[in-house]
Structures are given as C-alpha cells and as structure tokens.
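Per TrEMBL, the features are as follows:
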COMPBIAS  300-309  compositional bias 'Basic residues'
COMPBIAS  322-333  compositional bias 'Low complexity'
REGION    296-340  region 'Disordered'
REPEAT    6-47  repeat 'WD'
REPEAT    48-89  repeat 'WD'
REPEAT    184-225  repeat 'WD'
Amino acid sequence: MKPILLQGHERSITQIKYNREGDLLFTVAKDPIVNVWYSVNGERLGTYMGHTGAVWCVDADWDTKHVLTGSADNSCRLWDCETGKQLALLKTNSAVRTCGFDFGGNIIMFSTDKQMGYQCFVSFFDLRDPSQIDSNEPYMRIPCNDSKITSAVWGPLGECIIAGHEGGELNQYSAKSGEVLVNVKEHSRQINDIQLSRDMTMFVTASKDNTAKLFDSTTLEHQKTFRTERPVNSAALSPNYDHVVLGGGQEAMDVTTTSTRIGKFEARFFHLAFEEEFGRVKGHFGPINSVAFHPDGKRGRCQKGRHRRDQTAPIASPPQTPATAGTGGPAATRSPEIGE
C-alpha cells in the first residue's frame, strides 16, 4: 500500500466527495479554499476561490458540470466545475452546514445552522428558474425548530431528503411539500454524517454516540449497528462489497494529550451483514473527519482533523481501502486556479 499525500489545506478537512465517475475528488476544510484533485495520482487541478470562511460541505452534480459549496461565511455558492467561475451566490443568515444536488442536477438544497438568533432552515432552489437565484428566494423553505440539521442527503429519485439532527433524530422531508414523512430516533447523540449506498436503497449514519447505523432509505427502518469506543465522524458503504468503513476517534479538542493508540484514529472496516469488525488501517495522528469509497470500490479517501503541522491527508489506494480525510498540512506550492 502506497498512500498519496495531498497538501492543499491549512486547516482540518470538513468533507471529501468524489464525482460520479470517480476521476475527481473535491475537498473542503475549515479554510476558505475548495480544492479539486485528479484522483488517480493526487494532482491538484485547481481551486474555487470566493468563500471567506470555513467551508462545511461540497457536492458535484451527476455529470460534473457544476459544484455546490456551503460555508460559514453565510453563503451557498454554485460553480462551473471546469472554469471555476462562480455562477450563483445565495446569501443566508447563518452558516450553511449541508448542501447537495438532486438526482437530475436541477434542484439544490442546503441547510443553515441555528445560531445568532436565527433558526435552522432547509432551502430548495430550482436552478432552471433564474428568478429564484436573482431574488435569493427559494421555492420552498422548511423550518427546523427543535434541533438543527448536522447532515443531509437526497433520498431515492429526489423525492425527499434525509436529514440527521443534533439531537440524534432522523427526518425524511418531502421535496415537494416540505412535510415530515418519517421520523425516527435511533441515535442518542448528534449525527455527524449520512452516506447512501450506490443504489440508494440504504444509507449509513455516523454519530457521536460511538456508533454507525444502517437504515432503509424509504422507511428509515433500522437494519444494523456498528459499535466503536470513540465518536464516529463519518461512515461509508462499499459500492461492490458488503463492507462499511468508519472514521472518527477521540474528540479533536483532546487530541494533543492523546497517543495514537489510545485515541483510536484508525479507519475501521465492518462486515455489513454480520456487524463484525474485520480490519483497520492506521496512519492518522488525529480524528478522521470524512471517509469515502471510490465509485469503483477499489480505492478510498480519508481526511482527518488538524493535529500536528506535519500531518497531511493520505489517499489509500489498495483494493478495498477507502478514502479518509485528514488534517490539512502545510499548504503545497500553489497550483493555478481553475480558469487561469
């Protein structure tokens, strides 16, 4: 196994995302930089410059024409993937925590934090209607009064979104009416991440309650539980094997006084059906913040939180090793911005 080290962020990674074909990897962090990398060799293809705060989320549409990002600078931005041109700026009252394209790439959704006296909202924009973008008025906005949304994905066929909340609840919201279709609470603490299976029939959640859980996408019926001894920050399902990878570890604020062994910063593999751990991949010196399988199921990424200055984000590429996102190390020599 020969990991590829990506150096392009100065602060800890918040999310990593492959495009559908798997040739591109998008990374965002607690800095204003949005990077895109060639996944085969780790070459940085460019950056999307415009945000002024930490970037919490990123997504690419089905044919990788557009990129969507949400930031703590109270904005959600739409980019042209190839040129890096900013196509739309959607301003909000609080930080944008999650964002995503629907299956067709025509509808975007994003959620905002409950902070500074503003409540959490999920907003929906139809990109085919320029008036919504120009007026900064979504065609639907769903208030979330009780517990803010910390993770969200589109459900099957784009008919709903599945949202995980700070209190551990899971809600399924209709993308047409905004009503809550299904509500369950299987986690006792905050849900940090939600990722769908390749066929979108299942999804896995990662939670601060030290577990990851498998659910049915339509009914939100709880199927399996994968238990660890530390908070789980991210979990991903293999596209071609019955495998689940979990990333997390001890809380980032406690990392400086914790050894690698005690902190349990490994990427951990579980069997999907038997719920048994069968492997670990070491290499991180701090908690893993985001994990993702390559769409072909043979590679992966993992990104972790910043801990030491010499840390970087490994890209593991042997069969069945996922991507894990780690710290942003010292920034690499600047690659040209997209479009330059």
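Note that the numbers count up from 1, one per residue, in the order the chain is shown.
Backbone N, Cα and C atoms are what each Cβ position is placed from, and that goes for glycine too.
In terms of DSSP secondary structure, the repeat 'WD' (184-225) contains 0 helix, 24 strand, 18 coil. Long-range Cβ contacts of the repeat 'WD' (48-89) within its own chain (Cβ-Cβ under 8 Å, at least 6 residues beyond either end) map to 11, 14-15, 17, 19-21, 24, 26-34, 36, 95-101, 103-105, 108, 110, 127, 133, 337-339. Sequence-distant contacts of the repeat 'WD' (184-225), counting only residues of its own chain at least 6 positions beyond either end whose CB sits under 8 Å from a CB of the stretch, comprise 150-153, 155-156, 162-170, 172, 231-237, 239-240, 244, 246-248, 270, 272-273, 275, 290, 292, 295. For the repeat 'WD' (6-47), the DSSP-based tally of helix, strand and coil residues reads 0 helix, 23 strand, 19 coil. Within the model, the repeat 'WD' (48-89) carries an average pLDDT of 97.
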